[in-house]
Amino acid sequence: MTDSENGTLVPAAIAEPDLRDPLLYVNRELSWIDFNQRVLEEALDSAAHPLLERVKFLSIFSSNLDEFFMIRVAGLDDQCAAGINERSVDGLTPIEMLERIRERVIGQLRQRNACFFDDILPALKRKGIEFVSVSSLSVEQQQLLQHYFRKEVFPVLTPLAFDTGHPFPFMSNLSLNLAIELEDEESGAIKFARVKVPGILSRIIRLDQIEGLGFDDGRIRLLWLEDLVEHNLDQLFPKMRILQCHPFRIIRDADIEIEEDEAGDLLESIEQGVRSRRYGKVVRLDINPDMPHSIRSLLVKNLETYERNVYEIGGVLGMSALMELLKIDRPDLKDELFVPNNPLDDKRTADIFAEMRSGDMLLHHPYDSFKPVVDLIWQAARDPDVLSIKQTLYRVGSNSPVVKALMFAAEQRKQVAVLVELKARFDEENNILWARSLEDAGAHVVYGLPGLKTHAKLTMIVRREQEGLRHYLHLGTGNYNTVTARIYTDYSYLTTDPVLADDVTELFNSLTGYSKHREYRSLIVSPLNMRRWIMEMIRHEVDHQKHTGNGRIVMKMNALVDEEIIRALYRASMAGVKIDLAIRGICCLKPGIPGISENIRVVSVIGRFLEHSRVYYFNNGDHARIFLGSADIMPRNLDKRVETLFPVIEPRLVESIKSDLELTLSDNRKSWEMQPDGTYIRKRGGRPAVDSQRLFMRRSLRRKKNIKKKVKGL
């Protein structure tokens, strides 16, 4: 352009890219669909896992999809019903999202069915595990099986008619049902009935374990429960002729909405909300393609749903039930048993307090055992010098040694304060039971702050010692759940750091009382300051990049959704900061876009264990700062939950976490890399071969062997 005063040429200003451009973002829901596709790929890959582990991934894919419909699709359905056409950050309206979800899911279900019927079933048969049908059995076997049906199944069934005298039967969420058309043998009248396949019984029947059937050749024969019910319908409908029978399965809206400000008793309100899940609107109706239009339309009309919510599945409905096959005792068809390392096994005494006083401890689960965490709480419960235990509980499991330790401590007259998050989705009933049990034991139980879920993972133990009161802390990235601790990757940080202890004390006071503490010296807390802190840390790396050229950010988490922080990462990339993101699930950021995100790499590791840890690494001018915690980068985590991030200071632990991150990022066997268009490509090949989870297991086993040698030498 020309300078108007002197006529000289000056360069035109380079336009700043519009970082709100929808093309720069991946749709949240479709990104989740992509994640579940990566789970499905584990089942499809015959070289990746033993046979029954592939079955497990089919089950996980299916149960994931069910939950997605119960929550996310249900929400989109609500928006469509309310006439909401607001576009998401990527430019899609709710109805457009539903259309794309349906298209993607139908393709995935076809893949899943082809995998199960054309690949896995024949492979199972070759290994001596075979699904059979009732009709394939001999007449004598069918008669014996009929006796089994009368004794074990018939008493649980409830046939329900539908006509002018019988209202359309209620059908609960996730229920598998049989739609039956009947003819009255006396009047010739055509009737309709429904039979629910009882969820209280095993969905898969082991015929080889039923006495008298003659299956004693060592092979395992399996039968679907619905097949047995269908072949014995004449016992449920005497003097009726069975014209046709078709299975169907429904999924309902399961999202609970509680107006906490109006709820007089939160626990009671949550209980009512859990019960209401049974009555949520139908968001998916699974049928087989051969269901006639007459029955299909009858179901759609009376379930008050839409044709767009009907999915012709084909084959077996409700494949999450395949998890039952993992009960089969065939170690040759499963992953080799892995027993984690317990770093305290080499100690003469099991005094965890003494270990923590000697230095901070970092456990990397499941490669390191969760047992030291459980032992810490039990030791505190039994120790007469321990005065109080405070803990947050989100998902703890149905038979929790952690909660039992807290109950024991309360019974010993220790001050026990527990925040039980009643709103932990699909764990509400379990948490309600534990909350009542803790109260009965004498613990102080609170349910958190109104309008906020408490997702932070914190334990604080106060102990009287010669020098005065000392605080022992456990801070984690995962739940206090001994079952998931064996299959989720997480970190546990055990410390007596006094500054961190002061912060945790203040946070517990905020959670259990009316404290309005606003400043923390070490802890990062949402919704108070976490969003601001992450933005500041990203800006600091931009400054380091400008001055020293060594700006680097590594983040590991389950999901990256927040638009404001994605824009900040884009700006950091534009400034030259190298950014590595290990995001297992949803990622709305697009890497590798020239001029915008070319310095960002996104990978997703899907393997034997579920990647669950949250790690935030900032190079900080080669003086690395590492924070661990409970928060993903999603609006809900930053604005609507109580989350914590905590610093790891001790150099040896910082180096350990850095090493873990580099190993995860170098994975070229179980890792997927996101492309600039938002799609993923499996990282395969490359030398040396790096399967990060397998290498973490090997490292754990080496440490275990070293501990055994050390113990022998004591």
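Quick reminder: no glycine exception, Cβ is built from N, Cα and C everywhere.
According to Swiss-Prot:
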BINDING   Asn64, Tyr488, Arg584, His612  ATP binding site
BINDING   Arg395, Arg425  Mg(2+) binding site
ACT_SITE  His455  active site, phosphohistidine intermediate
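On the structure: features taken from Swiss-Prot.
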residue : record                                     : contacts (Cβ under 8 Å, 6+ apart)
Asn64   : ATP binding site                           : Asn36, Val39
Arg395  : Mg(2+) binding site                        : Ala424, Asp427, Asn431, Asn479, Asn481, Thr484
Arg425  : Mg(2+) binding site                        : Ile71, Ile256
His455  : active site, phosphohistidine intermediate : Tyr394, Glu421, Ser630, Ala631, Asn637, Arg641, Val642, Glu643
Tyr488  : ATP binding site                           : His365, Pro366, Gly478, Phe609, Leu610, His612
Arg584  : ATP binding site                           : Phe35, Met557, Asn558, Ala559, Ser604, Val605, Ile606, Leu610, Glu611, His612
Remaining residues near the recorded ATP site, that is with C-beta within 8 Å of the centroid of the site residues Asn64, Tyr488, Arg584, His612: Asn558, Gly585, Leu610, Glu611
His612 (ATP binding site) - helix vs strand vs coil (DSSP): coil
Residues Asn64, Tyr488, Arg584, His612 binding ATP per the record - widest CA separation, whole Å: 16
DSSP-derived class (H/G/I helix, E/B strand, else coil) of Arg395 (Mg(2+) binding site): coil
Structural state of Asn64 (ATP binding site), classified by DSSP into three states: helix
